[in-house]
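Feature list (source: Swiss-Prot):
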DOMAIN    1-175  domain 'Macro'
BINDING   ASP11, ILE12, ASN25, GLY33, VAL34, ASP35, SER122, THR123, GLY124, VAL125, TYR126  substrate binding site
ACT_SITE  ASP35  active site, proton acceptor
Amino acid sequence: MTSRLQVIQGDITQLSVDAIVNAANASLMGGGGVDGAIHRAAGPALLDACKLIRQQQGECQTGHAVITPAGKLSAKAVIHTVGPVWRGGEHQEAELLEEAYRSCLLLAEANHFRSIAFPAISTGVYGYPRAQAAEVAVRTVSDFITRYALPEQVYFVCYDEETARLYARLLTQQGDDPA
C-alpha cells in the first residue's frame, strides 16, 4: 500500500493538487518566502480574495486557516494558515503549529479535497527550527489521517534537499515510505 504521506523537493506553486497551503502572515496580503511566491504565481485574484476575507473577518490569527480560490495556480484552492513566530519554544509554539496544520487539514476534509501540499510552515522568517517544525508537522498530519479519510494524499513540499531529507527520515522512522 502506498503511503498517504509523501515528501517532494521543489516549488509548491507548480503542483497540481486540490489545495496548496500558504504559510501566510496575519494580514493575508502576501509577503516573503513561500507566501510571496504563491501570491506572485496565483496572480491578482488571490490578493483580491484575501482582501475580501480581511474585510469580512479581519486578520487571520495564529493557528487558524482560511481558504481562497487558487487564481492562476494548478490547485483548486489555497489554504492560508498563520504559523507561530519562534520565541524560544516556551510560548506554545508547538501547540500553535499543530493547530495550523490541523486547521488546514480540517478545511481540506470539509471541502472534500483528496490532496493537499504543505510547505514547512513557520521555518522561514518566523524562525521555527526546521527539525522541530518537521516533527510537529509529521506527527500532526499522521495523527489526522489515521482518523479521517480525506485528504487521501498529503505532500510535504520542501524547497531544499536538506529539509526534504529531514522529512523523509521522519516518515521512515514512523514506518511510512516517503517516496
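Every residue, even glycine, has its Cβ placed from backbone N, Cα and C.
Small disclaimer: the values here were computed from a predicted structure and weren't measured.
Shown here: features listed in Swiss-Prot, placed on the structure.
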residue: ASP11; record: substrate binding site; Cβ within 10 Å: 12
residue: ASN25; record: substrate binding site; Cβ within 10 Å: 21
residue: VAL34; record: substrate binding site; Cβ within 10 Å: 24
residue: ASP35; record: active site, proton acceptor; Cβ within 10 Å: 22
residue: SER122; record: substrate binding site; Cβ within 10 Å: 27
residue: GLY124; record: substrate binding site; Cβ within 10 Å: 18
residue: TYR126; record: substrate binding site; Cβ within 10 Å: 20
ASP11 (substrate binding site) in three-state DSSP notation: coil
Residues ASP11, ILE12, ASN25, GLY33, VAL34, ASP35, SER122, THR123, GLY124, VAL125, TYR126 binding substrate per the record - widest CA separation, whole Å: 20
